[in-house]
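Worksheet: the structure to be examined is printed underneath.
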Amino acid sequence: MAKKKGDEKANPAPQSDNEEQNFEEEPDFDDPEDFVEIPEEELLADILEQKPKESDGYENVVVVDGCPQVGPERLEKLQSVINKIFSKFGKIVNEYYPTTENGLTTGYIFLEYSNPQNAAEAVKATNNCKLDKQHTFLVNLFTDFQKYSDIPKEWEPPAPQPFKVQSDLQWYLMDPDAYDQFLVGIGTGVALQVWQNALPEPLLLQERPNWTETYAVWSPLGTYLATFHWRGVALWAGPKFSQFQKFFHPEARFISFSPCENYMVTFSPSGDRGDDKKWIIGDIRTGQEKRSFPPPDEYVTWPIFRWSKDDRFFARIGADVLSVYETPGFGLLDKKSIKIPGIRDFSWSPSDNTLAYWVAEDKDVPARVTLLEIPNRTEVRSKNLFSVADCKIHWQKSGDYLCVKVDRYSKVKKDKIDIKYSGMYYNFEIFHMREKEIPVDSVEIKEPIQAFAWEPVGSKFSIIHGDPANISISFYQVNTGQAPTLLKKFERKPFNHLFWSPSGQFIVLANLGLTGGALEFLDTNDFTIMNVADHYQMSGIEWDPTGRYVVTGVSSLKCKMDCGYYIWSFQGKILRRVMKEGFAQFHWRPRPPTLLSEKQQKEIKKNLKKYYSQFESKDRMRSSKASKELVAKRTEQMKKFTEYRESKIQEWNEQKPRRLELRDYVDTDGLDTDAVNTVEEVIEFFVKEEQTVIE
């Protein structure tokens, strides 16, 4: 071992010549006299920032106020309830229930989670949640107390944030050829595909595996795509379908949008938030939760909240009340619900802030249908109905007409549990919304009603009626100043559903179900049957927004065989068949209403012949281009096949010595074509015997 200079001087020792050659003098590592030492904090600042820091653990602790004050005998039950609610957000490693001198809990508790993320999630999910009618949780992080106590007395304005450029949300409307888009869901994973219905072949725009856990839906105007996840709902938008917004609502399974896409409602049948946040209304632009509601005491139909046409109001039914809320405050209109004893159902007009509701019979008081204006709560029209078992409200898409289907009875038998009706017959009460004093016409049908549908643009409606063995389809015309007239009646038809084109005039008659599949494409101008077709076991039909195409599909959720979808023209010509294993859903992307006035639309239709030559020329160019592309594609495929075949033939020839060696040098390559050396052996065996008696 080498020694320092000082040691060598103090303890000189004889050294041999070899030692002098093997050991060199050790260099001097002492700092110079003018050396200034640089502190580690300055020299290694970037490295020290990454050094793990000791945590005091307060970030993991939450304070829950608003708990019940209980004695020792009920403390265990309280702990069980608290753990059931708060353990859903993470592992609770410690809990503390302070008590008073009398042994009662103080009403606030401390819970410690295993990490800060779980604590923050618990605060976000449970703050202001109701435990029961008397107790509401007020939940904060323990560190919040220090944060709020350190707020400076003098306010400092926040620094302006840089503007974040959003992608174009209406990009899909800018396509020069006005191609529509559609969504395809595959499997239970669920993989999603977004296609553009281009010519000659649809174009795949986006495909992602496991994009949603259950299913996906478009918003009403087509701006957003909503997907479902365990922790909530995500909205996607823009050309690349990037995430636009996400809403925390564990195990949400249902969603509905307001008509103008300002708000959305989610429902979780078995959510993680307890019983007070089953329904949550969120602001789509900001992602904020605007209001939440507990579940109702009895069964309700989805959607429970129904919106007015301009997003100003939304309403729901309660026990003998109709609760109307207004935005953006989300409070009750005039701070109180409307008392309507016996109310059963309601529906908003698609074009006005008017809602229709019906009230059931009560002893000698007849049933009643009422039209109510909001927000002034004025009854603009009502009609009494007698011997009513049920009613269904059907608005025409333009809001020009309202139809109330009334199920009436001749006899009724009331048991302790159930009510049985007999001698049923049916009325269709037609309200003329655009006429003075809103006159009402009535159409009576004695046979059972299978389906009803308004023409979206026009004044016709269609009805499927009769027993399953003798189905008839009737078309009526609504007239001003007189009762609706029967235009056409088709008898003995095997259909159970009606699907009008969004642009009116054309309708598809369909038989949905595992044993169905029949289709009929009908022009209601002269009731010409344009085509008769079938799609066996089809489970759904959907028109595209323009009324040019219609899709039929067999979902794997209903049937495991022959899953896929067909695309038809509005005349019933099959354009494309797509068989896809695991096919689950198909939805056309909606379009917003046109910006053109009715006058401008009529002018375009009037001068449509001027544009025919342009359209035909463009179609010919597209067809020619498509043909060239198809020929080039097939030529390339044939070239690849020829190259592959030649390579395999060469490989087969190179393996011939090995084949001869394995077959004792007997050439068997040409046995199939050698008729001289080939022996054909026929073997017959008894299968079964049948005896037929001939008279």
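Numbering starts at 1 and runs along the chain as it is shown here.
Glycine is no exception: its Cβ is also placed from the backbone N, Cα and C atoms.
Swiss-Prot lists 1-43 with the feature region 'Disordered'.
The compositional bias 'Acidic residues' annotation in Swiss-Prot covers 17-43.
The feature domain 'RRM' is assigned by Swiss-Prot to 60-144, with sequence analysis given as support. Confidence across the domain 'RRM' (60-144), taken as the mean pLDDT and rounded to a whole number, stands at 89.
The repeat 'WD 1' annotation in Swiss-Prot covers 164-205. Same-chain residues lying 6+ beyond the ends of the repeat 'WD 1' (164-205) with a Cβ under 8 Å from its Cβ atoms: 211-216, 218, 222-225, 227, 237-242, 244, 544-546, 549, 551, 556, 565, 567, 576, 580, 582-589, 591-592, 622-623, 626, 630.
Annotation source Swiss-Prot lists repeat 'WD 2' at 295-335. Taking DSSP states H, G and I as helix and E and B as strand, the repeat 'WD 2' (295-335) has 3 helix, 16 strand, 22 coil.
Mapped onto DSSP classes, the repeat 'WD 3' (338-373) shows 0 helix, 23 strand, 13 coil. As annotated by Swiss-Prot, repeat 'WD 3' applies to 338-373.
The repeat 'WD 4' annotation in Swiss-Prot covers 444-486. Counting residues 6+ beyond its ends, the repeat 'WD 4' (444-486) has Cβ neighbours under 8 Å at 392, 394-398, 400-401, 403, 405, 424-428, 430, 432, 435, 492-505, 507, 509, 524, 527 in the same chain.
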Checklist line | Secondary structure content of the repeat 'WD 4' (444-486), with strand meaning DSSP E or B | finding: 0 helix, 27 strand, 16 coil
Next item on the list: Could you give me the DSSP helix, strand and coil counts for the repeat 'WD 1' (164-205)?
Entry: 4 helix, 15 strand, 23 coil
Next item on the list: Just give the helix, strand and coil counts over the domain 'RRM' (60-144), going by DSSP.
Entry: 33 helix, 24 strand, 28 coil
